[in-house]
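Here the structure comes first, spelled out in structure tokens, and everything after it is commentary.
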Ligand code: EPZ
């Protein structure tokens, strides 16, 4: 398993290009199952999760061709010859559950392994299943697999999500495009990735209104066509790299960044004393020499609230803030595993249930630390950028799921960072 070596090296200056969104691409790719016509995605990120989804779609009989070094995915599911998503693939990536709705909508049957939990929580999929049942799906759980049928096809229906779920909204939205009649999804997720999916489905001929609000209405159509669609910018990668100059000082321009994707996050950063400027090419973030990050309180919420996927990174920043910050994680039940690793670097953090209280210290000290999940791994790298001495982050396979070429992007701005291949 590779490790990343990072050494505190002073202010950062330069530009970082932001890639297409992993979490948009992971729902756009299964959308190809809805149509016999080709679906091409541009601005796709080059990540291991995308390669896993590619393997899953290919195991179902879809053709997925990666072009231009992985930035373009040309897909076609003209001849689906297998409707079973196997546990071996699904257990590696929970987003695999997103093939259930499209397969069921298109061919009336699907067998998908339950994904199981992950480090940050139990991650049930009950809302995916309830939403599909509201569209007439008949579901049976057998030996860890969901056996889904829709004899005569799915029918439009109304479903109100008891809690906001990004994935369940995506599964239901895709399935509803081919259901007979009208579907209304209430308390739907409002994330930019949902909006991007709706725009892609509309390009394919779907009739959708209300994406980005809590109520999405879909008029089912008989079939969908092909399309070419650009994957939306990754707001989590954007927010992650916006923190690099916040940690180290200096000025970094995030190419392709849009403030509208990270508004709640920007407001917290500005409260903490970080300057954010909208430029022609994206967003420029800076912290003037001699200034110190100010403590702020953070509560994670569904979009447009503060994203849970930026909580670990923000906690790392607040470890050296002036004052005490309280972070409340309201989306997942176990998403503070980066705290013990930051404490190894000298942070002063008390975790109680869904709350973490961070007492700012002057500076962290480099140490060997371990990545536990995708966002925790990058928070440790950010902490190492500003720490005194050397930090070694192990198990960076977590990192490669969601961030392409981290060491290249950061060293281009002056960071002292390198990947050490495992012996
Ligand atoms: C998506 O996960 C993202 N993943 C996550 O990003 C992100 O943290 C999450 O949304 C919240 O924004 C992808 O898009 C591939 P949810 P998802 O359904 O869809 C509970 C990353 O780091 N829930 O919105 O799985 C669930 O346990 C990843 O890129 C149910 O109870 O999240 C959680 O507490 C991590 N039943 C809450 O809802 C269900 O059927 C929100 O989960 C589904 C979810």
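Glycine too: its Cβ is placed from the backbone N, Cα and C atoms.
Curation plays no part in TrEMBL annotations; they are all automatic predictions.
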Remark   = Out of 91, 94, 287, TrEMBL lists as part of the UDP-N-acetyl-alpha-D-glucosamine site with 123, 124, 125, 126, 127, 309, 331 the residue 94
Message = Going by a 10 angstroms cut-off between Cβ atoms, which of the binding-site residues 126, 309 has the sparsest surroundings?
response = 126
Request  = Anything from the recorded positions 118, 124, 331 with its Cβ under 6 A from ligand 1? List those in sequence order.
outcome  = 124, 331
Query = Measuring Cα to Cα, how many angstrom lie between residue 123 (UDP-N-acetyl-alpha-D-glucosamine binding site) and residue 23 (phosphoenolpyruvate binding site)?
reply = 16
Query = What's the CA to CA span in angstrom from residue 22 (phosphoenolpyruvate binding site) over to residue 126 (UDP-N-acetyl-alpha-D-glucosamine binding site)?
reply = 23
Query = Can you give the largest Cα to Cα distance in Å, as a whole number, for the residues 94, 123, 124, 125, 126, 127, 309, 331 that bind UDP-N-acetyl-alpha-D-glucosamine in the record?
reply = 22
Inquiry  = Please report the Cα separation of residue 94 (UDP-N-acetyl-alpha-D-glucosamine binding site) and residue 118 (2-(S-cysteinyl)pyruvic acid O-phosphothioketal) in Å, rounded to an integer.
reply    = 8
Task = Would you mind pulling the DSSP three-state label for residue 126 (UDP-N-acetyl-alpha-D-glucosamine binding site)?
result = helix
